[in-house]
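Working notes for the structure below.
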């Protein structure tokens, strides 16, 4: 029934190809805060961890960022780590780095091999995307090219073009997150996801945000989204559901839909 393509890391499907994967964000401002979050999150057994480095107050210190990434990875063990700088324009925190410095940071973190996946926004210049893609590919790191709209939901064709753009730009995974104004917007996002999952060669991640959009975090996988985000300690976006609640609902949905998978 699912049309989702599993997300891989280092040549293997994450969590044995489980769909959807559950990703929990880490949003601490200091390494101590991040490690405290990690202590809360790890017992809840997420499939992927996302480190939102735009929250990290030492983001301008490349050595400190790499050391923190290695510390997270050491504690996380086999759980893949997604490294993300979210821009202010797409819902992230304000940082004191220009885009050239961000790209240099991405390159250094990729070379450190302390991460498994990296997120970069497809709104960036094509040349910048190419640099990040090259750094990721040369270090066996999967590239997520993402698009976020925190004010509205574009039309079906516009959303479809975003998924296609990520594929054309060389992404390993395409991510689209939008804000619905009504239930119809949620249906548009799900329809775009289903269409894209049938046409594209790469896995997709999609979600509507906010109260209406929380539904997509629960059953978007049935329409082709391979991963969903959940709250482990602190939320990084509106509409995220606590991981415990998400696991419960996913278990019920899988059983109802005849899926043999079980939640951890």
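Positions of Cβ are set from backbone N, Cα and C atoms, glycine also.
Under the heading 3-dehydroquinate binding site, Swiss-Prot lists 50, 51, 52, 86, 217, 236, 240, citing sequence analysis as support.
If you look up Swiss-Prot, you'll see 148 marked as active site, proton donor/acceptor. Sequence-distant contacts (6 or more apart, same chain, Cβ under 8 Å) of residue 148 (active site, proton donor/acceptor) comprise 86, 90, 91, 121, 176, 177, 178.
Cβ neighbour count for residue 175 (active site, schiff-base intermediate with substrate) (all protein chains, 10 Å cutoff from its Cβ): 25. According to Swiss-Prot, the active site, schiff-base intermediate with substrate annotation covers 175.
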Where does residue 86 (3-dehydroquinate binding site) sit by DSSP, helix, strand or coil?
coil
How many Å separate the Cα atoms of residue 50 (3-dehydroquinate binding site) and residue 175 (active site, schiff-base intermediate with substrate)?
14
